[in-house]
Structure formats: C-alpha cells, structure tokens
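According to TrEMBL, the Mn(2+) 1 binding site annotation covers His101, His103, Glu108, His147. Marked as Mn(2+) 2 binding site by TrEMBL: His281, His283, Glu288, His327. For 64-200, 235-377, the entry in TrEMBL reads domain 'Cupin type-1'.
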Amino acid sequence: MPGYDRREFFTGAAMFAAAATAVLLNQSESEGGDPSFMNNVPDPVTSGDELPTFKFELEKSTGKVIGKSSGKEATVKQLPISKGIAGVSMRLEPGAMRELHWHATAAEWALVLEGRVRTTVVSPDGTAETNDFQPGDVWLFPRGHGHMLECLGKEPCHFILIFDNGYFSEFGTFSISDWIGHVSPELLAKNFGVPASTFESFPKKEVYFARGEVPPETPETPLQGLTVPPLTHKYELLSQPPYRTFSGGREWRVDSSNFPISTTITGVVLELEPGAIRELHWHPTADEWQYVIAGDISVTLFGSNARYRVETLHKGDVGYIPQGFGHSLENVGKETCRILIGFNTGHYQTIDLSQWIAANPTNVLATNFSKPSSLFERFPKSDLFITQ
C-alpha cells in the first residue's frame, strides 16, 4: 500500500468502524426504544409461533402495602413482553411519603390521577426543585436523580409511574434509609461532621413509605437555600387544551418538544368515545405501555408472520405493544374511555394505516391487493388517527 503503513491502515479502519457503530447506537438510543434489534437476535418472548399475552391486571395485584399506602408494579416479571417499559400504580395516605430515593437504571415519569402530591428532586449540578402537583399534572425525574414523593393535603393521592426500563422494579430502588442503615455510625459521623450518636436511633432497614404529619401548604426552604434548575421537572398536561381533537376522541401529548427534560419518555392521555378507535398503526422508534384510567378497550396486536392477538383491557389493566408491532385501540364500552400511554422515547413518532395507504398511488394499491384502482379512490386521502 503506497504511502500507508499496513498496521496504521487497519488500525484506522477498525477505529472508523467502532466510531460508526457508536454513532448508530447513540442515534438509536436518542430516538428511544430498544436498539437491540440491530443485533438481529430474535426475542424469545415475541418470536414464537403465537404472540404472548400483552395484558396484565395491575390493580388486581397485591404489590407492597404499608398502612394505607401501596405500590403495585408491572415489570417483565409480571408481564414478560414488557421489556422496554415498567409501570407502577402508587397510592399514598395523608402524611405518607415515598422516602428519598433514586433509580439507578430508569427515568421516572408520572401522571397524577387523584389527590395532590409534593416532590423534591436534586440534580447532579446541585440544583434542587420542590413542586406541588394536582390531577392531570406530570413529573419527570431523569435516571439517577434523587427525589421523594409525599401526599399533600388531607385526602389520599394516586398516581401512575412509568419507567423507561421494563426490567426495573420499584421495589429495587436505592432508598436513603436503607443506605444509611447499613453504614457504620463512625463513617456517617465523619461524612456529615456530626457526633456518631446522632445516628443511634435512625432506621436500620428500608422505610419505603415514611409516615408523619400532613406537610404544610407552603413548602419549607431546603437546607441549602433555594436554587433554580436549568429545566423544570413539572408539566401541567391536562389543564391545557388537547393536542388534537377528533369527532371520536381527544389526545393530550407531552414529549421533549414541550417538556425538554423528558428526553426518554413521551406521555399521552387518549380519550375515545364509545365505538371510536385509535386506528391501526405502529411506532417505529418506541415501545408502548398502556394503563386504562376509565372504560373498556379492545386492543389488537399484529406481530408479522400471520400472528395476531386481541385482548380486552378494563379499568386498572395494563397493555404493552413492542416497538414496531402493528396495533389498534377501540372503545368497546358504553362510556368515554381514558387511557394513559407511555413511550420510551422523547420524540413521538407514529405511522397510521390510513396515512400509509394515502401515501401510495392507486395503481400500487391495486397491484398489492389485486383489486381495481377505482376501489381505492374511496379510501381516506389523509391520516385519520381517531375514527368511528
């Protein structure tokens, strides 16, 4: 090779290949979803002759109960198909707190359904934020950021947590009482600059749900004083007009475009009138996690190779759609249904079947389906999204 050292050439080629791979992986991760499909290794859960169940009756499970506070989770343990997203239904009684903790392997996104919640969160840059939430509000805590959740007021609260890792368990979080309870008083004394006797009566095991007085309506100032984080952790979703409105329903949506800190999770609240459907579609870059807030829905799932499954979800049930799988949601009840939907991406993407059909000439459709071109002139000319 004139002008090149052979070893330098192959070293450079290897470095280029590694860099290209890193770029592709980083791009995939930034878009969300599961990049493991790039390895072309079939998922044993979804590659069988039949599709597995994608439904879990979350609110019928037991979970963790302490006093009148509880947490119920849906992970790959309860719903094996849900490898990309986990969810928790949590209730706190007045005066109860989900103690100071952090999640090492997942970001936390939440929607408040009932009652009021106060949170604190600290970021790696040392800034902290205290926020109060009411029904319809959303919070997002990035992976590894320390936080707490407490019931605010005299009524219990209920919220749904979504985590961007299906293997994450709410009961495997890093809790402050669990950590301090295992460190020697002498080391704690040296760490905080206080006498070792300070820690004699501290809890020796995880508290998880702490209980105390109902917090004051006005939050107290943190020990370090007030600081302002570069991005807020709060978004008021349902107090705003719907993102889109249709004759058969409404959609509220929040992703990184309007909630910049939410770089790995998009949240949607979808309302469907009786008989309406969120049309057949798929998501190119994300898995989908569903929690039925109210009503009854029929969910279809298409997994290629003649595999098709239908599940009916009721209030309190969870559904899960793997990235790229075709699906639809239909209100099969007599009342308006409301569904919380989470995606493990900060940039929402969807391709709807009506949109795909409309994007092709009629002669292409005629050839594909062996039907006259004139038949497809009656099809929609644009995306429907929700229809009845």
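Glycine is treated like the rest: Cβ placed from N, Cα and C.
Features per TrEMBL, on structure.
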residue : record                : Cβ neighbours (10 Å)
His101  : Mn(2+) 1 binding site : 21
His103  : Mn(2+) 1 binding site : 24
Glu108  : Mn(2+) 1 binding site : 27
His147  : Mn(2+) 1 binding site : 21
His281  : Mn(2+) 2 binding site : 21
His283  : Mn(2+) 2 binding site : 24
Glu288  : Mn(2+) 2 binding site : 27
His327  : Mn(2+) 2 binding site : 21
Compute the centroid of the Cβ atoms of His281, His283, Glu288, His327, then list the same-chain residues not in that set whose Cβ lies within 8 Å of it, in sequence order, for the Mn(2+) 2 site. Trp282, Ile321, Phe325, Gly326, Thr350
Which whole-number value in Å describes the distance between the Cα atoms of His283 (Mn(2+) 2 binding site) and His101 (Mn(2+) 1 binding site)? 32
Non-site residues, in chain order, whose CB comes within 8 A of the mean position of the CB atoms of His101, His103, Glu108, His147 at Mn(2+) 1: Trp102, Phe141, His145, Gly146, Thr173
Average model confidence [pLDDT] within the domain 'Cupin type-1' (64-200): 98
When distances run from the Cα of His327 (Mn(2+) 2 binding site) to each of the binding-site residues His101, His103, Glu108, His147, the nearest one: Glu108
Among His101, His103, Glu108, His147, these being the binding-site residues, pick the one whose CA is nearest to that of His281 (Mn(2+) 2 binding site). Glu108
Nearest to Glu288 (Mn(2+) 2 binding site) by Cα, among His101, His103, His147 (binding-site residues)? His103
Using DSSP, break the domain 'Cupin type-1' (235-377) down into helix, strand and coil residues and give each count. 18 helix, 62 strand, 63 coil
